[in-house]
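Below you'll find the structure, written out as structure tokens, and then a few comments.
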Amino acid sequence: MTNTKPLTRRALRQSLRAQRNALSPGQQSEAARLLSEQIQSIMTQPNSTVAGYLANDGEIDLTPTIKGCQQNGVVTLPVLHPFTGKHLLFQTFTEQTEMTLNRFGISEPALNSTAIRLLSQHHLLLMPLVGFDAQGNRLGMGGGFYDRTLANINALKNRPTLVGVAHDCQQVDELPVEPWDVPLDLIVTPTQIISTR
């Protein structure tokens, strides 16, 4: 765990991204396997709808988790909103889903309006992050996509559980928090499950 109080969010992002990118392919693979086991242990509802993501830039790989979740329910992946470009939609993902690259070069499902799932239709929302603390604060890549998308999450009658997923090396003592940051309900790493709410 890193003491981060004096670091700016930008410097912290650089440091934590370097740490996760320094993990070997073997370490990444083992972390992905262990994370999948952890996620399966918190899935209490059969036929759950779980939002995942496709790993990028050293993020922990959800491939084993996605495969496990697809056996017992529905998996969605984020898609950049076609009109605002600043929010995310979540679209059903299967092995047959046509994929495309978004403007950041990240693979996402090709937009299909009939496959979009509302936030309220999800049980778990697995979110990538750059850093986290035990209080449930999440440091993302800096684009604000998840924060904008989840800004009104507490107004939903059926609110998904917000789960940050990360490597253990991404934990810090305390993150600097901004008013628009949406806190996590759980943080899951290969070795821990931290409940924050």
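Glycine is treated like the rest: Cβ placed from N, Cα and C.
Automatic prediction, not curation, is the source of TrEMBL annotations.
For reference, TrEMBL has these:
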type	residues	note
BINDING	ARG9, ARG10, ALA11, LEU12, ARG13, ARG138, LEU139, GLY140, MET141, GLY142, GLY143, GLY144, PHE145, TYR146	ATP binding site
BINDING	LEU54, GLU59	substrate binding site
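Within 10 Å of the C-beta atom of LEU139 (ATP binding site) sit 24 other C-beta atoms, taking all shown protein chains into account. The secondary structure of LEU139 (ATP binding site), as reduced to three states from DSSP, is extended strand. Summary for the binding-site residues ARG9, ALA11, ARG13, GLU59: the Cβ-based neighbour count within 10 Å is maximal at GLU59. Residues near PHE145 (ATP binding site) in space but far in sequence (CB under 8 A, at least 6 apart, same chain), listed by position: PRO78, LEU80, LYS86, HIS87, LEU88. Rounded to the nearest whole angstrom, the C-alpha distance between GLU59 (substrate binding site) and MET141 (ATP binding site) is 11. Nearest to LEU54 (substrate binding site) in space, judged by Cα atoms and limited to the binding-site residues ARG9, ALA11, LEU139, MET141, GLY143, is MET141.
For MET141 (ATP binding site), the same-chain residues 6+ apart in sequence whose C-beta sits under 8 angstroms from its C-beta are ARG13, ASP57, PRO128, VAL130.
When the Cα positions of ARG9, ARG10, ALA11, LEU12, ARG13, ARG138, LEU139, GLY140, MET141, GLY142, GLY143, GLY144, PHE145, TYR146 are compared pair by pair, the longest gap among these ATP-binding residues is 20 Å. GLY143 (ATP binding site) counts 10 other C-beta atoms within 10 Å of its own C-beta, drawing on all protein chains shown.
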